[in-house]
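To keep things clear, I will list the structure first and then write my remarks on it.
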Amino acid sequence: MSAQPIYKRVLLKASGEALMGSQGFGIDVAVADRIASDIAQARAMGVEVGVVVGGGNIFRGVAVASKGGDRVTGDHMGMLATVINALALATSLRKLDIDTVVLSAIAMPEICESFSQRATLYHLSLGRVVIFAGGTGNPFFTTDSAAALRAAEMGAEAIFKGTQVDGIYSADPKKDPSATRFDRLTHSEVLEKGLAVMDVAAVALARENAIPIVVFSIHEKDGFTEILTGGGRATIVTDS
């Protein structure tokens with residue numbers, strides 16, 4: 001790819017639902033391999049990549065709470081689901097000979113390294129893809145919030161939020177054909193309009209740290225790398 005990237009260090013947020021593909025549950029290895037291929041292309045362009053994966057394809061803590069269960073326990077189960085997804089994506093990356101490390105917010109030394117900013121920056125300096133697992137390590141915080149937090153800690157120039165659609169819309173375009181697509185928004189506009197991009201805490205944290213959010217379709221092959229070079233189709237959230 002001849003075009004030069006406009007970002008040198010980014011955080012990719014991929015939902016657990018994206019990893020399950022057309023399946024109703026679990027991990028579609030072909031999808032994990034495709035996402036890994038996009039990340040590998042970004043690395044070939046010299047872009048440093050951190051990744052946060054959700055766990056909704058396996059478990060959601062809020063589902064427990066909605067049925068009368070303990071939200072804290074449910075969130076802990078959801079955090080463990082993100083570790084499974086992180087290991088799956090790491091496996092797909094290693095099949096492509098991409099040096100990858102999984103850092104977990106929950107200590108589990110026999111499975112992966114524990115998260116710290118120092119470890120993150122060290123692994124990035126060695127050219128490794130860093131996958132962050134375990135969310136923030138705290139209940140009541142989403143993996144979107146974890147993405148914004150890790151992006152700030154690693155000094156990311158942008159958060160790339162891979163979604164089911166090609167940007168931010170005024171409503172769910174799959175349910176409302178009249179939904180309007182936005183090409184560009186500010187963080188404040190996202191919050192004021194109540195747009196379902198990331199949760200309020202995540203958008204606010206990104207705004208406070210002047211980190212743009214790039215929303216694109218995770219299902220578009222090469223979409224991630226095209227946007228890295230200024231092409232592709234996405235909505236950019238920035239105050240600059």
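The backbone N, Cα and C atoms fix where each Cβ goes, glycine too.
Computed from a predicted structure; not experimentally measured.
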Per Swiss-Prot, member of Gly55, Gly155, Gly162 binding UMP alongside Asp75, Thr136, Gly137, Asn138, Pro139, Phe140, Phe141, Thr142, Thr143: Gly55
Region 'Involved in allosteric activation by GTP' according to Swiss-Prot, located in which of 21-26, 69-74, 171-176, 183-188: 21-26
For Phe140 (UMP binding site), the one of Lys13, Ser15, Gly56, Thr163, Tyr169 that lies nearest, given that the binding-site residues are compared by Cα: Gly56
Residue among the binding-site residues Phe140, Tyr169 whose Cβ has the most other Cβ atoms within 10 Å: Tyr169
Number of other Cβ atoms within 10 Å of the Cβ of Gly56 (ATP binding site) across all protein chains: 22
Shortest C-alpha distance to Tyr169 (ATP binding site) - which of the binding-site residues Gly55, Thr136, Asn138: Gly55
